[in-house]
Amino acid sequence: MDAGDTPLLRFAADLRKLREAAGNPVYRELSRRSHYSAPALSEAAGGRKLPTLAVTLAYVAACDGDTELWERRWREVAAGKEAPAEPAADAEAPYLGLSPFRIEDADRFHGRDALLAELREQVASRRFVGVFGASGSGKSSLLHAGLAAVAQTEGVAGTGPQPTLLLSPGPHPLEECAVQLAKLTGESAVVLKTELETDPDHLHLRIRQALASQPDDADLLLVVDQFEEIFTLCEDHGELAAFIRALVGAATAEPSRVRVVLGVRADFLGHCGDHPDLREALRGGQVLVGPMTADELREAIMKPAAAAGCSVETALVVRLVADASNQPGALPLVSHALRETWRRRRGIAVTLAAYNSTGGIHHAIAHTAESVYDRFDQQQRDVVKQILLRLTALGEATEDTKRRITIDELDDDPTVRSVLDELVRARLVTMDQDTIEITHEALIKHWPRLRSWLAADRDALRLHRQVADDAAVWESLLRDPDALYRGVRLAQARELDDAALTARERAFLAASLAAESAQQAAARRRSLLLRMLVVVLAGLLVIATIATAEAMSANRTIAAQRDVVLAQQVADAAVALRTDRPELAAQLALAAYRMSPTRHNRDDLLSAVAIPLKGHEQNVASVAFSPDGKLLATASFDHTARLWDLSNPAHPRSLPEIAGHTDSVDAVAFSPNGKLLATGGRDRTIRLWSLDDPVHPAQLAVLTGHRDNVFSLMFSPDSRVLASGSYDHTARLWDVATRSELRTLDAHTNNVKPVAFSPDGHTLATASDDRTIRLWDVSNPADPGAPSVLGSHRDLVDTVAFSPDGQLLASGSDDKTVRLWDIGHPGRSTDLHGHTDVVSAVAFSRDGRTLASASYDHTVRLWDYSDPAKPTESAVLTGHTSSIESAAFSPDGHTLATASDDHTAQLWETDPARAEVRACQIAHPVISQEDWNTYLPGVDYQPPC
């Protein structure tokens, strides 16, 4: 501390020392302890102005200091306070720099009277308005210090103050909306978020309830600033769609009690147009924010200075108007340059010379940023780089934007804390209790050093961003091993600069590497053990030839072990021969199973006797058995469905294709009475076919109403109702007799994929890309009750099925898990792990013992769920060469059918005894002695069939 330092600077320095003595807690922690915002506490220790006594004592108490002592010190400084030695203290400046104007800054907001009047007129006459403008055009300031300030004082229409909520969407817009809505309703934000996720229309209902006691014209003004964040930061498309639906629904409902105003960067207008509801809501209700005119700029420059008792040199006004007039995005540059010029003023005059020393509007930001950067050592500079890169969202055909992050994304490290404090003090970065963001995107655009960092390796930055997000998910899942990286993703992530990673990210990648190393080590051990076993067995066989009669029992053991090894080799050979010589593969698999009936050999036998159904020219999307099990229906991307005659199960026969759809057929279902077949697809139609003549099904009706791809179909147990799920975010119920729609079920906020009736027909389950599963009471299908949310997965839900007794529901997801839900206890579920890719299909056998799951990993897994709390994997079936899309059990439960993107369906036996019979049914010709000797050398020729 220099001798010339003022009492104020010494006071601030001692506050910082007090924080250091308390262990340097981050300002977020001080904010939690003191109930003051992090910026207010940081400003208190900055030395630019004397904080209030209340803030000072809160800061001291949060650092376990002596409040009585500090109160005396505060009063001493306050009593003797003179004009600070540095007359350009930021806190006293009439210009805000890079910070946008807030409601409390309305008295310093000038130059936008005409635009504000236009906006007020639009909002008074419409309930949904979009404010569009370039980055830096002043949208946020107009919405906060203009529109919201007016609403809170006199009302948008001038009829009296009206309630106002402001929010920025961030990565979780529904959560942000719930937090702000809680201020209006007094309800828990957690409860409100759950309601909005379940049904976005709750926003409208909650607003109406909250304003019930208010006059009818006291509508809520809901301002959503930086609306483009739903496109740049929100990665959950279901949440994005729900947020849009909530806003549009609240504004268009009858009667509505809200007026919604969006602030949107102009280059995201096209993104808004991609959402039909949003596009319609904005039609005719757009206000464009352009550059200020010369007169408006003069007003914005001179009036704040005059209010502060200063004057602006005429030459400076002329220069600023010339530099900035009619330039899009110039306002934050002007404001920052004026703030820096103010700090260099002489007496009460703000001069052109001072302005020139800042570098002018085009260089002042870079000048400030470089000045801060130059004060850091190399370690701190590295931290600056990593912080600012994390705070930037990379544009895709749009400009880069700022990105708000939570404080806990950064390391809790003294160097990080000190760098953040300086960036906040320089107003380059803004920090509140929980989040950090770049104060204005102008920093991204106008600081060359940051631009060069961003341009250096954008692919690496995107990968780093993904690693950061995935590490946070891993942490939130209590470091679940299933969330770790493997294979190609891990190899790519290993290329990232370790210095750019936080401790959490390094721990995530270290755990991924450790898990992969453990897997590789286990694989090497298995291979080594097998090789050692072969060597040992060979040695034992040599010893056995010279051993005495007393070793005969040992010889038998050795022979058995040899059989195990040989059977494994034969089973592996069977796998390799499935495509080219299926009859030989089946016999070898059977021989291997009889030599050594291990789980591995049993799985290979079940897989070897699978019967491929070839006939479709493109991906097969769906399969279904007829109620009597004599027919199988398949649906394909080749625009057709097919029926297969299973009278001879070993040799299914394809019947003529069923044509009529004009695009891919994605769904097929039999009515339980066996009279009808339903098909649905990407032409948005559902078609009903009579099965009076299965060889030539007759089209009975075309059901229309869905606005997008029909993904799934299922008849009710009594065959009277057909349910459909669609990418238009709805499920629908249809009256089969009248061929008419009974009801649209529209609670989901994203693609509805599977639909499933319970065995008694009273409940319909639907699941969606919004990650939820909903249960509907369809006892009266014309008037279903509101759905309940059974639960959710961590990713898209692709399939659901009820158990035969209706007590369980199985679901499969993009999160690679199968989940078993206890219908009687909705909060109780069991996860089944094993698949390594999307779980696309689940099916229960009629005997209530087996669950099948199919996946994009090309496998089918069978699970014994006789103890639902502890299901066990009983088999893994292989044979498809691409993703599996659908699975269904035959009515007798012995056969499983699957559909795959490899253009085939397959029929699988699930019982080893039946698989032995099937192997011999397809064993033509019988294995020759030559083949036998090739694959079973040293074993007497004994054909298994």
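Including glycine, each Cβ sits where the backbone N, Cα and C put it.
Pulled from TrEMBL:
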DOMAIN    94-481  domain 'Novel STAND NTPase 1'
TRANSMEM  528-547  transmembrane segment
REPEAT    613-654  repeat 'WD'
REPEAT    658-692  repeat 'WD'
REPEAT    703-744  repeat 'WD'
REPEAT    745-780  repeat 'WD'
REPEAT    790-823  repeat 'WD'
REPEAT    832-873  repeat 'WD'
REPEAT    877-918  repeat 'WD'
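The recorded stretches the repeat 'WD' (703-744) and the repeat 'WD' (658-692) share 3+ CB pairs below 8 A when only pairs 6 or more apart in sequence are counted, and are therefore in contact. Counted with DSSP, the repeat 'WD' (877-918) comes out as 7 helix, 20 strand, 15 coil.
Same-chain residues lying 6+ beyond the ends of the repeat 'WD' (613-654) with a Cβ under 8 Å from its Cβ atoms: 661-670, 672-674, 677, 679, 681, 691, 694, 697, 882, 885-892, 895, 897-907, 918, 921-922.
Beyond the repeat 'WD' (877-918), the same-chain residues lying 6 or more positions past its ends with a Cβ under 8 Å from any Cβ of the stretch are 575, 578, 586, 590, 593, 597, 602-603, 605-607, 609-614, 616-625, 627-629, 632, 634-636, 644, 646, 649-650, 652, 837-838, 840-847, 850, 852-856, 858-862. The residues of the repeat 'WD' (613-654), classed with DSSP into helix (H, G, I), strand (E, B) and coil, number 0 helix, 21 strand, 21 coil.
Confidence across the repeat 'WD' (832-873), taken as the mean pLDDT and rounded to a whole number, stands at 93. The helix, strand and coil residue counts that DSSP assigns across the repeat 'WD' (790-823) are 0 helix, 20 strand, 14 coil. Per DSSP, the repeat 'WD' (832-873) is made up of 0 helix, 21 strand, 21 coil.
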